[in-house]
């Protein structure tokens, strides 16, 4: 007897993979996640970017039973900064070099991968590692920005490229590391590169066709040319001199965005000036709009509704690109639609997101560059001499910031914001008339001098901050900075990975340590959570990296700071186990010889190293472990130093040629500095030995 057709069709549907039946992601689906926590469809989970999940199967009472459900080894040796997305049983995430993978969330099986084949030498003009912070979903497509400035749409089922747009001028040192967002059918993407002399902008592309819809420049260009949009005419009045457009200006939109569908406002954060030192890029002062600002933009047209400048006339790399979070807070007995940000400069800002008016701003950590933010003017009250015009200064925070890109989260239940706080001093020196723009790290702020910051004064913490009272609720200290982002849940939990290689769960209300997992790799990314077949999971990309690990220094050489790249997925009663890590290779210590060159030659090498080499090989020649430590380079490497640096002998391995920027005598000075540092450190170790 044949089965009724109706029954046969039902069985066919049940047997069909969910991905094949999946409804496309749209605005309604993303907005629905505000109440339903099963899926994670956008970078910060919802348009508000709260990184809070209403899921509570895993809670403070049972999180001790959390275990590894499965893991996936990744062919990745650089930093993993992405927050995975989850839709209809599939995890979508990105790795270094802008590669994308889709993974079956139940089994951990790879479904497809896409490699945009970014040239490895592109890392030379990417300030902060070959990282990527994630992808976007819309309709039946996955979107990724690439390190070389492309925006690519992929088929969500197959990973095949559908369209690709070069969003930047490939002849200029732009890069993309941030995750795209999709708003009203438009893919929003920014870029980075201010340290190398670019002009910032944010663009919107049609999600279906890839056609450019609009572009908003964050700083003015050549005043002899027409302004691209009227906002730039007003911005130009806040710049001085006749060089700023030649130096790039900066203001890149390299990370944070949020969207309010009811107000129909897209919020984006802008970055630092190019170069950092205002005295060089805009002699005579000025606020330099729209650097270090929060912009509210109409997503249909790209028109500016309002702006708030976090750090006027920035001279310290105090970006406003840190996470923007939207919420409703009860302030003075009234509900307010607010925007919250804890940017690099160390003040926690609460703004009225309808008009950009400042509600409150207080220090959330050690801040010496400014006394306070004047609520009447919305401007910081700067400390004397903080702009280092006359003499070098040491101040807090540093260019790493009191909070960097590592995601914070807001829990509406506790009313607290969970911030990956870091305390690192900055050293700044005015290079002034001696500054020369080169194809290198152009700060004009004495970047090489930051090598003198000792590890003993560096620390980090998980900070629970009350945005209404503007004070800390609790704090968990860590031995160093550059810890991962946070996730908070309705289960009264906060999850965070650390630089030292642990994944933690704390109670969201009190900060009590409830659970810990040894991840075998430093973690910089933020966790996410999803539900599949009635079971809640927590996932994180574990892979040590990012700018702090490249610039290195003593504080980036703690135990656990390794890169063993994996996608880790946890659930209650998970039974999977990581294999034991391979033992570290034995180090053979060389007995170096003292450098007999003139001190001025070594000092010149130090300045050149700071500008050209430190961003990859580590400040003070102390590598963070991802890129070779030049103090330990072999005799053969030293012998062929000129060929490597100028002729590109190691270009296939990602070491670019600097023949367009350095002279042979300068390369020799760099080598002398490296050798002198090797000798200094060797003598210091043996002098300290018992």
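Backbone N, Cα and C define each Cβ position, glycine as well.
The signal peptide annotation in Swiss-Prot covers 1-22 and rests on experimental evidence.
Counting only same-chain residues at least 6 apart in sequence, those with a Cβ under 8 Å from the Cβ of residue 272 (Ca(2+) binding site) are 194, 250, 251, 291, 292, 314, 316, 317, 318, 319. According to Swiss-Prot, the Ca(2+) binding site annotation covers 195, 272, 317.
Residues or ranges marked as active site, proton acceptor in Swiss-Prot (evidence: a curator's inference): 317. Neighbours of residue 317 (Ca(2+) binding site), defined as other CB atoms within 10 A of its CB across all chains, total 28.
As annotated by Swiss-Prot, domain 'Cytochrome c' applies to 600-678.
Taking the mean position of the Cβ atoms of 195, 272, 317 as the Ca(2+) site, the remaining same-chain residues with a Cβ inside 8 Å of that point are 127, 194, 250, 271, 273, 274, 275, 276, 319, 399, 443. For the domain 'Cytochrome c' (600-678), the DSSP counts in helix, strand and coil order read 53 helix, 0 strand, 26 coil. Taking a C-beta cut-off of under 8 angstroms and a sequence separation of 6 or more, residue 195 (Ca(2+) binding site) has the following same-chain neighbours: 127, 274, 275, 276, 441, 442, 443, 615.
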